[in-house]
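One structure is given here, and the rest of the page talks about it.
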Amino acid sequence: MTTTLLDLDGPDHAVLTGASALNRKQAEQAVRQLLQALGVPADTEVGRNTPRRMTDALAQLLTPRSWTFTTFPNDEGHHDLVLTRDIAFTSLCAHHLLPFSGRAHVGFYPREKLPGLSKIARTVEMFAARLQVQENLGQQIAGFLEEQLACDGVGVVLVAEHLCMTRRGVRAAGADTLTVAARGRLQQDPTARIEFLQLAVQSGRTA
Ligand SMILES: Nc1nc2c(ncn2[C@@H]2O[C@H](COP(=O)(O)OP(=O)(O)OP(=O)(O)O)[C@@H](O)[C@H]2O)c(=O)[nH]1
Ligand SMILES: [Zn+2]
């Protein structure tokens, strides 16, 4: 068994843990000012702790948990598709800071290494914990797994509801967005791509 500790002090870390540099006092003050500027009475019994709660909530949504990427040698030579489906995720839309959430289906063709399966879901969680655009989230997950696993191909299907689109603005209630990020064999080989996409969307669940 090989265990690789993610380089959480590397360049990506600064981006991943925006909330680690949290200045709580400043954040709570800013929420207070925002509510005031919006004309929302915040100094009520219910709202008195809202600046603290909102700061905590955003910090939590923007802070990935630390973890290790555990892999195993692919001793028995499993070179067929491995697909983990229906990984629930929540992220924050970079444009409106409203949640977008749904399900990720992540597949790959192993070469020398097999990841611990939970690490696929942890990867999704790690990249979701930042201000995001859905297309970028899929590409980041695919790129990270391709690099970590040195595998033949990675595919990431994300199906999500964006509250900024369904509950405000155009208010397209019920709309979801599906994005595909494919690397290697899953990008180049039409048969592999079709098999992956069929199995991914056959999960029967949506956002
Ligand atoms: N491609 C993409 N667009 C997104 C995502 N999340 C939000 N958006 C879109 O980003 C766009 C921002 O457009 P703007 O016109 O600047 O913002 P807006 O005035 O709030 O737009 P409306 O939502 O149409 O009211 C909107 O069309 C959002 O739907 C995403 O993950 N991917
Ligand atoms: Zn948005």
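A Cβ is built for glycine as well, from the same backbone N, Cα and C atoms used for every other residue.
Annotated in TrEMBL:
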- 28-199: domain 'GTP cyclohydrolase I' (DOMAIN)
- C93, H96, C164: Zn(2+) binding site (BINDING)
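Reduced to three states, the DSSP call for C164 (Zn(2+) binding site) is helix. The record gives C93, H96, C164 for Zn(2+). Within 8 Å of the mean position of their Cβ atoms, the other Cβ atoms in that chain belong to L92, A94, H95, L97, L98, F100, H162, L163, M165, R168. Around the Cβ of C93 (Zn(2+) binding site), 18 further Cβ atoms fall within 10 Å across all displayed protein chains. Per-residue confidence over the domain 'GTP cyclohydrolase I' (28-199) averages out at a pLDDT of 96. In the structure as shown, the Cβ atom of C164 (Zn(2+) binding site) sits within 10 Å of 16 other Cβ atoms. H96 (Zn(2+) binding site) has a Cβ environment of 15 other Cβ atoms inside 10 Å. In the three-state DSSP scheme, C93 (Zn(2+) binding site) falls into the strand class.
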